[in-house]
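Please read the structure below before turning to the comments.
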Amino acid sequence: MRKLVPSPSLPTVTALAGTPEMAAVALALALRGWWEEVNGSPAWQDGAFFSLSAAYALVSAVALVQLIRIQLRVPEFGWTTQKVFHLMNFVVNGVRAVVFGFHAQVFLFQTKVYTLVLLDLPGLLFFSTYTLLVLFWAEIYHQAKNLPTDKLRIIYMAVNGVIYVIQVCIWIYLGTNDSPLLEPVSKIFISVVSFLALLGFLIYGGRLFFMLRRFPIESKGRRKKLYEVVGTVTAICFTCFLIRCIVVAMSSFDPDLSLEVLDHPILDFFYYMLTEILPSALVLFILRKLPPKRVSAQYHPIR
């Protein structure tokens, strides 16, 4: 249970009456009272989580429409990186929409590990989805530098596989043991995963961004377009994973910042809006251009 800030004693109030310090104390208490009221209000909880559900459903629908458009444009190609990226966006955002649509049941499971699985699994899928961009940019960078690319996909799958195995082991242990220390460990693990993602965007997104400044690509206009797309998407993804890394790490030590409870609707709303919904919507908008109808062998998702 979270502890309320005790009210100032009568002598303190008398001494501070009519002073700026008293006004600040009164404002702080008023804000604290409003925050507690909002957190405990079913109306605010429903409003925040149903809004998240609707926003996730919209992004999921956009990803599905874009996937269908790509398939109709180039039906002769199989599951390219671009198609997989949009499919995973559809799945991640769709699962989030369902989870937050049933938030009253999800957050009130008697077995806490079920709530953690439903909240953390889409987060891991979000990691896998957007590190596909890191993989794609790493392949471009290695090809431009005449470096081998055959092991990049293996590394991507291996890293993701290890992360999922570790997370499943944590969930299993949480489901069979009531240790209060393991839940913070699980949050720190999610924070580390987010740090790996932002590091990937910083390294390969940054390298590709600066390489495009001096690398001749057919025409000046196309080079500028690729330069802007890579730079913008890298900045968006780096920022969202940085926010996730910091907030999740802080929540592992401060219960007032916990994201796995029903009575933090405003915190949850802004957290998921800034770390998943807005970044996904912006990236899908930036990468909205369809591939050309006729290409030689493979096409790239960023054109």
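Residue numbering: from 1, along the chain as shown.
Any Cβ shown, glycine's included, is placed from N, Cα and C.
According to TrEMBL:
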type: DOMAIN; residues: 32-303; note: domain 'THH1/TOM1/TOM3'
type: TRANSMEM; residues: 54-72; note: transmembrane segment
type: TRANSMEM; residues: 84-104; note: transmembrane segment
type: TRANSMEM; residues: 124-142; note: transmembrane segment
type: TRANSMEM; residues: 154-174; note: transmembrane segment
type: TRANSMEM; residues: 186-205; note: transmembrane segment
type: TRANSMEM; residues: 226-249; note: transmembrane segment
type: TRANSMEM; residues: 269-287; note: transmembrane segment
Over the domain 'THH1/TOM1/TOM3' (32-303), what does the predicted model average in pLDDT?
86
Closest-packing stretch to the transmembrane segment (269-287), where packing means Cβ pairs under 8 Å, from 54-72, 154-174, 186-205:
54-72
Apart from its near flanks, which chain residues at least 6 from the ends of the transmembrane segment (54-72) lie with a Cβ under 8 angstroms of it?
82-83, 86-87, 89-94, 96-97, 100, 273, 276-277, 280-281, 284, 288, 290-291
Mind checking which residues of the chain, 6+ beyond the ends of the transmembrane segment (154-174), have their Cβ under 8 Å from one of its Cβ atoms?
112-113, 116-117, 120, 124, 127-128, 131-132, 134-135, 182-183, 185-186, 189, 193, 196
